[in-house]
Amino acid sequence: MAVKAEILSNQQVSRRYFHLKVKVPNKQLFPVQAGQFFHIKCSDDAKPLLRRPLSIFRINEEECTLEFLYLVKGVGTKALAQRKPQEMLDILGPLGKGFSLKEESENILVVARGVGIATLSALAFKAKSKNISCFAIISARAKEDYLVEAELKEAGVEAVFVNDEDGTSDPQRVKLLAEALIKEKKIDGIYTCGSRRLSVLMKQVACEHQLFAEIALEENMGCGIGSCYGCVCQIEEEERIRPVRICLEGPVFPLEKVVFA
């Protein structure tokens, strides 16, 4: 569903990232699931032509508000960063398939890199509502990119932060951290979003420990509804590899099925 949402705030929260909060006209868009996304028309001008997919960061159905974290990188997000409070924003969604939390789950681990923490923060709040304990490993380029420390505390998440600047985000160290948490906290599910390197690592860890695991894939999208086939990835099922559309069949997939080229 495409609606006009009022921008409540659109603030820079670090050198590269912005935090956008909008209010939708009614509750028809809800329920919105952690892991789903909205396709945002960044400007009222003719350019950029294509919308930009933004993962959902915070969901408040009672107040009809949605929040997004986004990296300012290209023409679209640079235009979006210029939008002001009280302006109306054209948003399409919610789109795609979200995360699943097993009824029997008690302790989950979320592992995120960069803006991947946005969609996993929404999952952390969902876990809290179901009395599921959530632990996290958050990786970033620099300490200034630890974007959601306050929100994770609010969601009751015990988080470990690592970054490239001080060398703590080394893959082997992250793997050791994950394995220690799996053992100490009796983790029964892993959820990840972020870099390819981190995704491959978590796939390996989940396989070795025989844990349920899901991944939210990030990709540039044309239409956002499965028509253009511009966001295809490969998954392996029943001993064959096949292409799927991230916007339609995903963006959340079973981690063990995703083929990383």
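The backbone N, Cα and C atoms fix where each Cβ goes, glycine too.
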Worksheet item: What does TrEMBL list, out of Cys193, Cys247, as binding the same [2Fe-2S] cluster as Cys223, Cys228, Cys231?
Response: Cys247
Worksheet item: Once near-sequence residues are set aside, which residues in the chain of Cys231 ([2Fe-2S] cluster binding site), 6 or more away, have Cβ atoms under 8 Å from its Cβ?
Response: Glu219, Asn220, Met221, Gly222, Arg245, Ile246, Cys247
Worksheet entry | Length of the line joining the Cα atoms of Ser55 (FAD binding site) and Cys223 ([2Fe-2S] cluster binding site), in Å | 15
Worksheet entry | Cys228 ([2Fe-2S] cluster binding site) and Thr77 (FAD binding site), distance between Cα atoms, whole Å | 21
